[in-house]
């Protein structure tokens, strides 16, 4: 790569502080000579009885590895047996040759060297695809406890460098050494951190604008006629529940009205439109940065399925390819199971609704006056906490179900399994997280009925109502509790869990004496062929890696899932929670270092995986971007009071006749949005006489409720139908305008920089010329 012109996109990321590199020298792997390194380590419990089946399978598996000329070093330490695995050079030479002659992978990486990260990936594949005579693979043997652990080793020198430059809390506001991460953990991990770093940086503008929208609402606390009308009102509102609840003063909810205006104001509309376009620009620019880095790393044309074919041949020359299969029966079965699972999750949402309704009724009956007066808000907050607990439990169940469905599908390769699992798991998690929020956003307070015709669960409990100031605050409370709980608690457990497990393992395993001077000098200097560490120093290194927390193929998946769910929170209901981008930004600054520290110091080394994209996640993110347009349009058009206020201002308010009086155009809006129920009406049977007594002891003959209904026959007024029509028109208009903006933004920003395309063009041309000249020679 010497003399190669750097990609402007990469230089831009460095300038912005998203990544940190030292020129070009890190972009290609240095030629590594690692005779002291072991490609892999297997750990088993010592078995005294050699006649046991587990012992026989263990020995048989090790013999199968030796048949492939793999060097196995056995070291016993008390009750553990360590097997150090070193593959011969011939395996890697074969891999390099097949890489060179392949259709898609022949342009990937430098073929003159095989770095340790590639060696680990090849050996990992061979170990997992080496069966014993009875047909069990290493995965099966692990389940049978024949082997207790398997892992690749951390490289102490590089591990120390990553800790100093990346995996420390003091580096929170510094760029990430992405190429160093790629050299150590592989392209898959590096692209995750590059994506997370870019996402975090791009959260700065929406976080700032969200705060401005919040402050905009705060600025109108004292001057808004809506708040004054609520706070100064002498309006008596209808009881919120049966029997115990009494009529209440609208002015009692003055604080609630102020909070509502913080999140339901005119600035919210523009912010929602901005976030929809922001999501598109974020993804389009991400594609450009990804293209620049994969071009720099020479994996642009790399193909995962072809790589698996190459590894299959390296493992077994006589292997047969796994054929593509498709079964309509299996697909139908999976579709039915997925649908059933989604219905179960939606059923849990209904259970949450029932819980909130019953909790509100019980709180209203309580002896504590504060809870009685705020029973609906208390029930909403309890429901949000229960929702978080359901999310925690369902995450485990969703994972098990998604894995079982992948087994039913019988996917062809690990890549196909991972893609299928990702789609299913995200779908289940999305419904688990957002079903309740969709109910609060679009159904709460709209299907509860009215005095004389309340909708009840089991004919007993009344459905919840919205506050007269609007329903958006309920959605905000729900989102804030779930998002804060999720991010705070998950981060605490994510760090303390691995730290505690490592501490526990260190306590359980005996500490070995310090490294001997002879091996210390050998490890620090350039190693030569045939050099070996003494058994004590090998064991010391292997034990320190064994004490770390286990990782698997889906360790990185968990990190991606967490961030994509957060991206959903940040974009889909941002109209109800403008501070979501700010919370996400703060969380992500911590999350990057938390994941880095965990990956470098607390966990065993992930098997380095090669890739050129974040996989199916890009499709998931694009789908979320489209859903965000629809959801935000509906939140503003249906959930918020933006449209009713607009209709009132121009058609029903004091400014409707075109003249501009001295009073504010929104004066009288709250009163206009309320209807009256009279006790003398034969239809009103819900309220008993003792409920119609105010806190001051005054008996009232009528009360108000939020709706546009006739005070005589309770039929919907023409104003209601006009507002509904304008709501519908706004949603259609909003979505079309934003979608057009999204398409224009996507077209305007090419998914790959021109220099990337030109570099690939010239590189391929030079390779073809080299092939031609070598064949003529």
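Keep in mind that glycine also has a Cβ here, set from the backbone N, Cα and C atoms.
Source: prediction; values computed, not measured.
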*Out of 406-425, 426-445, 446-465, 466-485, let me know the one TrEMBL marks transmembrane segment.*
426-445
*Which one of these stretches, 360-377, 378-395, 486-503, shows up in TrEMBL as transmembrane segment?*
378-395
_Annotated stretch (transmembrane segment, per TrEMBL) among the listed ranges 614-638, 639-663, 664-688_ = 614-638
*Compute the average pLDDT of the predicted model within the domain 'Anoctamin dimerisation' (114-178).*
87
_Within the same chain, where does the transmembrane segment (378-395) have neighbours whose Cβ lies under 8 angstroms from its own Cβ atoms, ignoring anything closer than 6 residues to its ends? I mean 6 or more beyond._
345, 348, 352, 355-357, 359-360, 363, 371, 428-429, 432-433, 436, 464, 474, 477-478, 481-482, 485-486
*asked:* At a C-beta cut-off of under 8 Å, are there same-chain residues at least 6 beyond the transmembrane segment (332-358) that contact it? List them, or none.
replied: 379-380, 382-383, 386-387, 390, 394, 398, 401, 405, 408-409, 424, 427-428, 431-432, 435-436, 438-439, 457, 461-464
*Would you mind listing the long-range same-chain contacts of the transmembrane segment (563-590), meaning Cβ under 8 Å and 6+ residues beyond its ends?*
172-173, 196, 199-200, 203-204, 206-207, 209-211, 213-214, 263, 267-269, 271-272, 275-276, 278-279, 426, 429-430, 433-434, 437, 441, 472, 475-476, 479-480, 482-484, 487, 491, 617, 620-621, 624-625, 627-628, 631-632, 635-636, 639-640
